[in-house]
Amino acid sequence: MAGGSGARETRCRQGSRPGSPGSEVPAASVTGPRAEARPAGGGGGSRRAAPDRCSGGVPSAAWQHPFLNVFRHFRVDEWKRSSKEGDVAVVTDKVLKSAVYRIRGSVSASNYIQLPRTSTQSLGLTGRYLYVLFRPVPTKHFVIHLDVSTEDGQVIRVSFSNLFKEFKSSTTWLQFPFVFETKTPRRDLAGVALPRARWTCLQLDLRDILMFYLGRHYSHLKSIRLCASLLVRNLYTSDLCFDPAVTVTEARRAKLSVNPMPREMAFPVPKGESWHDNYIHVRFPSDCSKVPDEQDEKSCSPPEAVFLGRMSRHLPHPGVLGKPLLSSKSPVAQACSSALPCQVLSASSRLPEVSRTYRYREVSSVSASSIQSQRPSVRDEVPDAHTVSGERHVLADRSSGVPMALEDIGSCRLFLPDPVLRLKGVIGFGGHSTQWALWTKDGVAVVYPCHAVIIVLQIDTGQQRFFLGHTDKVSALALNGSDTLLASAQVQPPSMVRLWDFQTGSCLSLFRSPLHTICSLSFSGSGALLCGVGKDRHGRTVVVAWSTEQAGLGGEVVVLAKVHTDFDIRAFQVAFFDETRMASCGRGSVRLWRLRGGVLRSCAVDLGEYCSLELTDLAFAQALDGHCAPSAGTLFVCSHSGHILEIDHQRMSVQHVRRLLPARSPGAPLAEKQNFSVGSGIAISSLSVSTATCAVGSEDGYLRLWPLDFSSVLLEAEHDGPVSSVSFSPDGLRVLSTTTSGHLGFLDVPSREYTVLARSHMAPVLALSTEPNRGQMATVSLDHTVRIWDLATLQQLYDFSSSEDTPCAVAFHPTMPNFFCGFSSGAVRSFSLESSGVLVEHTRHRGAITSLVITLDGRFLFSSCSQGSLVQYSCADSQCCVLRVAANMVCQDGRPNPNILAVSGDSCRLAFVGPSKCMVTIVESASLDELLRVDVSTLNLASNHLDWAVAICFSPGNSGHLLVSTSSNKVVVLDAVSGHTLRELSSVRSRACCSLALSEDAHLLLAATDRTITVWDYPTQANPSCQVYIGHSEPVHAVAFTPDQLQVISVGDAIFLWDILATPERDGGDHEAPPGHEAGSSSGQLDDLASGASGLPRQQVPIPFQALPPPLSSHDRLLDGSTGTFSTSDEEGLCEENHVSEALLQGQAPTPHVLVDREASGAGDAPRETAGSSWTPAERPSPHSHMSEWSLRSGKAGLPTRPDSYKHFTPRYKTSPRVKSVYFPPIGRERLRLKAIVGYNGNGRANMVWRPDTGFFAYTCGRLVVVEDLHSGTQRHWLGHSQEISTLALNQDGQILASASCCGNTAARCQIRIWDVPKGLCRHLLSHHDTAVQALAFSPDDEFLVTLGDYADRNLALWSMATYELLSSTRLLEPVHGVAFNPWDANELICVGTNAITFWLLQHHGADTCFQVHREPIPEELGASELTSLCYGASPLLYCGSSSGQVCVWDTGTGHCFLAWEADDGEIGVLLCSGSRLISGSNTKRLRLWAVGVVPELRRKGSSARSSSVFMERELTLDGAVVSASFDSGMDMGVVGTTAGTIWYISWTEGTSTRLISGHRTKVNEVVFSPGESHCATCGEDGSVRVWSLASMELVIQFQVLNQSCLCLAWTPPSCELPEQQQVVAGYSDGTLRVFSISRTAMELKMHPHRTALTAIAFSTDGQTILSGDKDGLVAISHPCTGMTFRVLSDHRGAPISAIQSTSKEYGDLGVEGVELWLAASGDQRVSIWVSDWLRDRCELLEWLSFPAPAVSEAPGLLPPSLAAFCPWDKAILVCVGLGAHEEVIFYSLRQKQVIQKTPLPFFAMSLSLSPGSQLMVVGFAECMMRLLDCASGTAQDLEGHDDSVHLCRFTPSGRLLFTAAHNEILVWEVTDP
C-alpha cells in the first residue's frame, strides 16, 4: 500500500463485525502521521508515497486484487481508522435488505464520514476504479470528496455534488456537478435528488480523470469524505472494470471481455426483473466495453436521468478527451448523439464491425501539446474510441428505448493521421504586454509571447517553435543564461507560473504563485533562482524568490522568500555576477536587494534631488569578459523625464546623472548634465547596456544608441509607435526593440540595417479573406486597421488604417488585385493593391457592416449591416457599382460575423441569416429572387429554448448542401433545394460555432467555437470524429482554408496558421450518402422528437416552407409592406444614394409620389463636408418660418438615417388612429377619476427628474406626466400632450418643468409644454420641431430654454422663458446627441455629436439673439467618433461620454481634450458630475461611480495627463440601458430610469439598488383580481406573470417563462377562499397552461392541452375546472388537480377564441339542468353559451349566436375582437361587441332568445368590461379613448389618457376600481358616485 516515506510492514488481518456493511477482505493498516510531508509554501504540497508491503513481501497492489472492500478493510464500524461527524447512523435498507450508513443533515460540511481518520494519513489504495454504492436522500443534496495523489506527489481533490452548478477546475481541485434531471417538462426537480432516488453504483476511473482533465498520472487514493445527505452501502477499489448488469453466466455464454460484478458488490435483483429496472449505474469518464443485449431494445425510457450537466468553463487542456458510457445496458451513447457532442478519438485503424470486444492501440491526446508531439501517450490501451471532447459530466441513464446498433459504432471513422492539424506559424506579438522579447544565448533566435502562446523565432530562417499550455495571456517571461529554463506567467489571477525545458519545449513545473498578478520575472545567470514581482489581491507590491534547482530533475519549485513592499517597482533584475543580489526601480525609488538565509532585504539608494523621478528601467553594466562589471559594477537607471542615472551598487550611491535631450542637428553633442527643470527630455521607457554602448528606447518612437558617456547619439532608428523595450544581443551587435503598436524587430549595428521580425494587430481580429493567386491574406481588426499578409513568410505587406472608422468585414476579389472592406459606419470601400488606395466608396448601409462575400466568378459582391439591409454590387470591373438595396433582409445583429452571408460554389445562390435570426434564406445571386426559407427554430423540436442560426456555409462545388451552425451547439446540414435536414453534427464545446469552413474536397469541416477550433471528418455519416485544438486566449472569430487547401487559418486574438497533415485521398467508403437517404432518416428522427417533445402527437413534421414566386416588380413588393428591394443604375443618371424610410422598415407602405433628394451635406457616396474649427456665425432664420424648402422636405421626405446611438428617442410604432373630438363630462361630474399609473416609459430619454431638496419627483408614461410623492406614493397626473413624451427638464429653482412630445396625426409639430410645478398647470405651449425633441435644457439663470430636435429634425432652438418667444433656430448639418448649458456662463452651451464637440455662444444685439459656433474635432487618439453624452464638472471641466465607452475630459477654456479613459464596454448615454464624483450610465446596463477629484490637477499637465489616477468606486448592474438619472449633490443617492421600464433608487453608500417604479416592458395581455381585492395579477408578451398589491400597486411576485408569451390569465374564483387555494392559471403561446400558487410563490402544474397559442382562459365557478381556448378555436376542459384534459370542444374550430367566461346559475334555471353557465366567443363573430355540471360530467350547448360582419376590407385599421360577457346584474343577459354591421353594443336575453337592446358606439370596440357593483360598462377603442356607459340612466362619458389602442378594460370584483391598458401602460381609475 502506498503510504509513508519508507516501507512499513503490517500483518494481514481478517475479521467481521455484525451490523457493519460490507464483507471480509484482507486488510492492512493505515500509514501513520509521518506518511507524508508538506513543503513550506502551502498549496497542496508534495505528497510522495513509498511502496508498502504486506507480510510475506507481497507488493501492495497484489493484496488489493481483485478488489478491496474499503469499509471492511478500515473497520469503519469501529471508528478508529475513520471518523464521523454529525448525524451518521447505521440503518437497514429495505431494498438492499442489509445494513447501510445514513448520513444526513442540513449542512453537508458538518455531517460526513471520512477515511482515514486524519488528513495526515493516507489510504494508499492503488486501484484504478473506485466503486461508490450509494443512494441520495430524496430532495436533498450530497457531496463526495476524493483526495487523489499523482505520481509526482501532487494531491488533487476530486469532488462530485449536486450542489455544484458548473464544472470548475484548478491545478489542485476538480469539481463535477452531479445533476438529477427529469425527462418530463418539470424543471423544479432539477438539481436535488428526485423523490424516487435509486441506489446507484458510481464507478470512477481515477486514472483517466486525472489524465483527461489535468494531464497527470494517477498514483493512489489518499482519502475519502462522504458528506450529507446520502445512504452509502460500501466503497470498493479495483483495477478491474465491472459491469453490475452482467452475470457470470451471461459473460461466459457470450464470451464477453467485461467482468461481472462480484457477488459481494452486487445489488440484489428481484426475480424476473433486470438490474437497470431497479438501480442506476454511472461510469465516469469512460466505459470498458460495449456489451450488446437484445432485451434492452424492449425496455422503456425511465423518467429520470442522472448526469453532470454541460459546463461553461474551459479545461486546462481542452484537447484531452473524455469518453462516455457505451454499454447497451445504459445506452448513454444514444443520449450523447442528441444531447451531447459525441466524438471519436483519432487512431490509425478503423473500429472493428464484427467483434464485440474492442481494444485499440495507444493514441495521443488531441491537445496543444500533441501538436508538437512532445507529450507521450497517456495510457496503454483505449477501451473504446467514442469520446466526448471538452465535456465534464457524468451520465447515468437507464435504457432509452432507442438502442444504438453495433454497426453505428463501427461506422465511425478516424482521422489519418492524428492529429490532423499542426500549428505552423503565428502572426502576432504581445497581447497583454509588448515589453517581453528575449534573445537566446547564441543570438540566433528571439523568444516572445503572443497572447497565450510563447514563440521562439529563428531569425535567419523565420521558423517558429511554440510553447503551448497557458490558458490566458502571458504577462511575463524570463530565460536563464544557459538557455535551459524558460519561465512564464499568465494574467488570469491567481497568476500561474510555468517552468519550461527550453530545449525540448516540455513543461517541467506548473505552480500557483502567491501573487495575484505577476508583472515581471527575472532569472539568475545559472537559472537556480527565479524572482517575480507583482501585486497581491489587495494591490500591494510583492517580490517572490523561487528555487528552481530541482525542477529539471523532476523536483518542485520552492518558495525561498517573499516580501511585501510599499514602494513602486517598474523593473526588477537579478545581477548576472551575483545571483544573491538584485536591483529594482520605480517611481522615486532605486533599491538594491539581497537574498540571504531565506530572507529578501532591500536598501534604498539615496537619489537626492532626483527622488521624484519616474524611473522606468534598469540594466547592469557588462564587462568585456562577461563576469564582472567595470568600476566594481555599475547600474544604469533611466527615467520618463530623460535622465540616466549611473549608480555604484557597492557604494549605493549615484555617480553620474545625465539628461538626454532631442538632438538639434545630427551629431550635435548633448550636455553631460543639465538642470533638472531645463528643457523637455526624452521620455525613456527602456534601456539596455553592452560593453561599450547603451541602447535607449523612448516614447517618441526612437531607438537610440549612445556611448557610455552619453556624449552623442551614435545611431537611431524610428518606429511607428512608442518603444516599449530594447535588448542587446549577447554579442552586442544587434539591438532588439518592441513597440506598443505591436512591432518587433532588431537593429544590426555594424550594417546599420533594421529588420522587422513581427507585426501584430493590437485588438481582436474580426475577419479574414485569402487571395487565391498571390498567396495573400487580408485581416480586419478592432484596432482600425486593414492588413495584408504574405502567407508564405507571414510578413505584413500593406497596412490601411482609419482613425475614425473600424473595419468589420473583408473580401478579396477572386480575379483582380482588389479587395473590399466594410466598416462600422456602414461604408463599403474598394481598395487597390496596385495603387494602395481607395478605388470607390459606397455608403448605402445605415448600420455597421456585418459581413461581406463575393461570388467565386467575381461578378457580384454582397454586404449586410446591423440594421438588416442587404446590398448587391456589380464588381466585374474595378469600378464597383450598386445594383440593389434590400431592407430588412438580413438578421439585425450588431456584431460582425463573416459567416452571416454565404455564396454557393457555382456562384448562383446566396444564403444569409434573415430576416430574423431563426431564419435562413437562399436567393438567386443575380436577381435576389427568393428560392427557399428555412426556419431553424423548428429543426430541434426537443429543445426547450428557441434555436437560431449563428453561421452558414455552402458545401463546395454544386453538391447542394448548406451547413448551418445553430445556437444549440450543433451544425445542421440542409438540402439547399428542399430544405430538408440531411444530418447533424454536435459541437464538442458548450458554445455555438460562430464560423464554418469546408474544404474543397469536402473532407474536413472547420468550426470556430469559443477559443477552440473543431475539425470534423465530414464524409463520415454516423458519429463523425472530430478533434479540438487550443491556443487562442480569446474567442476565435473566423476560420478558413488557404487557397491551396494545404493549411488552415484561424483568427481571433492573433492569426494562427495550421498545417493540414491529412492526405486528400480517401477510400471509397468515405463518400457521402445520397441526399435522399439522409433526408429520409433525418425526417424520421424529427418525427420521433416531435412526438416526444410535447404531450400531443404532431400531424406532420415541420418542414421548411417554399418561398412564394418572386414578385413582378420590386415596386409592388414595397407597396405590399414586405421586404423592400429596389434597383438603381448609374447609367440612368438617378441619385446614387437611396435610403429606405423608417416607415418602410416597419412595414408601412410609402406615400405615393415622394421625391427623394440627396441631402446637401452628402449622405451618399461622396465625402461629407464638415464644419471647420473656427468661430463662424450661424444662420438665423425667422422664428416663425422654416429655414428653406429643403429643410421642410428633409423632415418629412428626406428619409434621414437614424444614428447608431441609443440616445435618440424613437417613438414606439402605433397603428391606432387619433380621435379629433371627445365628449368630456362636465368638471366635477366625472364618474372615473385617474388614481394611479403603473409603469414608466423606458422608451423615453431623460424623461425622469428628481429634486432632492424639495422632493419633487416626476416621470413620464406614454403621453402623461406623473408627479409622485415618494413618501406616500400618491400621484398627480398632468394631461395635455397628444403623443408620447420624449424628454423632461426641470429649471434651476425647480418651479418650471418642460416636457416635449413627438408629432403625430393630431399634431403636425412637436408639443413642448411648460408646467407650473406648484400649481400643476400648463403655462404655455411651444411648437417648432417637426419630428421629435431629443433634449431640453434650461440656462443657469432660467432665462433661456434650448430645445434640440432629433436626427430627422436637426434643429437647435433657443426660447425666452420670459416671453416664450423663439429667439433663434439653427439647422444642424448632422445629428446631435446631447446639449447642455455652461453652468458658469448662461450665454454658452455645448453640443456633442459625430466627430466633434460644438461650442455655441449667444450674442445679443438689441432684441435679436444669434449664435456663434466653434467646432472642435475629437482627437484622433481617442478613437471615438461619436460623443453621446456630456455634463459639466468643476470649472472649467466638461466630461463627455462616447459610443465606444470612453469618457473624455475637455478644458472649456482652451477647447481641448486633455484626458480620456475607458469607462465602459458600450455606449455611455448618461453622465452626471458633482464635486469629485462622476456617474456614468450606458447601454450595457451598468451604472458606475468614478472618483475624479484629481482631474483638475491633471488638467494642468495638459496632454501628458494620464487617466490612471481616475478610478471606479462602485458599480451596479441594472435591468436595462440607462436613459435617465438624477442624484443629490453628494452623489450618494439618486434615482435612475432604464429601458426596461424601471426606475431604481440607488444608494452608493450601501451599494444597493431598489425598485421604485416597475412595469411591463411589452404589451399587457390581461389583468385579473383576487377575490378579496387585495392583489391583482397581470401578464405580458415577455412571458411574465406579475402579482401586485392593489393598495400600493407595488410588485409582489413575478413568475417568468422564457421564450414564450403569456396571452391570458385567470384567478381562482371566490369559492376558493383559503390562502392555499389562491392560484393563478396562465396560458402561453406554445399551447401550455401553467398553474401558479400565490401562497407558495411556485408553479404547481404545467399542462399542454393545446397545440397552438392559448388566447382565453377561465376557472369554473367552483375553481375545480379550467376552461381554455386557443388560436385554432378549440376549447379544452381540464382538471387543475390532476392535470388531465377530459374534454375538447371543436365547435369554434377555424377562428381564435377571444373570450371565455363562466358564471353560476340555479340548477333548473333557463330550462336546463346544470349549476354553471359559461360562454365562448370567437373571432368569426360567433358566441356559444353552455350549461355544465362538471361533477356529473355534463356539458350541453344552450345557445349559439352568430352576428353578421362586413367584409374585412370595410373595417378600417386593426380588426376588433369579438367579445361577450354575462351581465353582472342579470346573468341571463349577454353583452356582445365586435365587428358587426354597426358600431354598437348588443344586449341579448337568454330567456327571451332575442336581442333586447342596442347601444351605439363611436367606434368598434377593442375591449369591454362590466362593473359588478353598479350598472356601468366601459368600452375601449383603438382611437386611444374609452367610453363609460351607465346602463341604468343611458348616459355616457368619454375619457382619454392612453397613448395607444385601449385593448384591455377590467373592473375589480367590487366595482370600485377600473384597470385599463394600452400596450404596456396600465391606468387605474377610481369609480365615483354620480
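Glycine residues also receive a Cβ, built from the backbone N, Cα and C atoms like all the rest.
Given the structure is predicted, the values throughout are model-derived calculations rather than measurements.
Sequence annotations record features per position, and here Swiss-Prot assigns compositional bias 'Basic and acidic residues' to 1066-1075. Residues or ranges marked as phosphoserine in Swiss-Prot (evidence: a large-scale study or a structure entry): SER16, SER20, SER301. Marked as region 'Disordered' by Swiss-Prot: 1-59, 1066-1132, 1160-1211. Swiss-Prot lists 59-267 with the feature region 'Binds with microtubules', giving similarity to another entry as the kind of evidence. Annotation comment: Swiss-Prot describes 514-556 as repeat 'WD 2'. Here Swiss-Prot flags 563-603 as repeat 'WD 3'. Per Swiss-Prot, the feature repeat 'WD 4' maps to 677-716. According to Swiss-Prot, the repeat 'WD 5' annotation covers 718-757. What Swiss-Prot lists as repeat 'WD 8' is 944-984. Sequence annotations record features per position, and here Swiss-Prot assigns repeat 'WD 9' to 988-1026. The repeat 'WD 10' annotation in Swiss-Prot covers 1031-1068. Swiss-Prot lists 1280-1325 with the feature repeat 'WD 11'. Among the features that Swiss-Prot reports, repeat 'WD 14' is placed at 1422-1460. Here Swiss-Prot flags 1601-1646 as repeat 'WD 17'. Taken from Swiss-Prot, the feature repeat 'WD 18' applies to 1649-1688. The repeat 'WD 21' annotation in Swiss-Prot covers 1841-1874.
Residue counts for the repeat 'WD 21' (1841-1874) under DSSP, split into helix (H, G, I), strand (E, B) and coil, are 0 helix, 17 strand, 17 coil. Under 8 Å from some Cβ of the repeat 'WD 5' (718-757) lie the Cβ atoms of residues 428-430, 433-439, 441-443, 446, 448, 457, 459, 622, 685-693, 695-703, 705, 795-796, all in the same chain and six or more residues away from its ends. In terms of DSSP helix, strand and coil, the repeat 'WD 17' (1601-1646) has 3 helix, 22 strand, 21 coil. Residues 435, 616-624, 636, 638-644, 658-663, 667-670, 722-728, 732, 735, 737, 739, 747, 749, 752 of the same chain lie 6+ residues outside the repeat 'WD 4' (677-716) yet bring a C-beta within less than 8 angstroms of a C-beta in it. For the repeat 'WD 10' (1031-1068), the residues of the chain that approach it from at least six positions outside its boundaries are 368, 415-417, 419-428, 431, 450-453, 468, 470-473, 760-761, 764-773, 775, 777, 779, 789, 791, 794, 896, 898-899, 994-997, 999-1001, 1003-1004, 1006-1013, 1015, 1019, judged by C-beta separation under 8 angstroms. Across the range of the repeat 'WD 5' (718-757), the DSSP-based residue counts are 0 helix, 23 strand, 17 coil. With DSSP states grouped into helix (H, G, I), strand (E, B) and coil, the repeat 'WD 14' (1422-1460) comes out at 1 helix, 24 strand, 14 coil.
Residue counts for the repeat 'WD 11' (1280-1325) by DSSP state, with H, G and I taken as helix and E and B as strand, are 0 helix, 23 strand, 23 coil.
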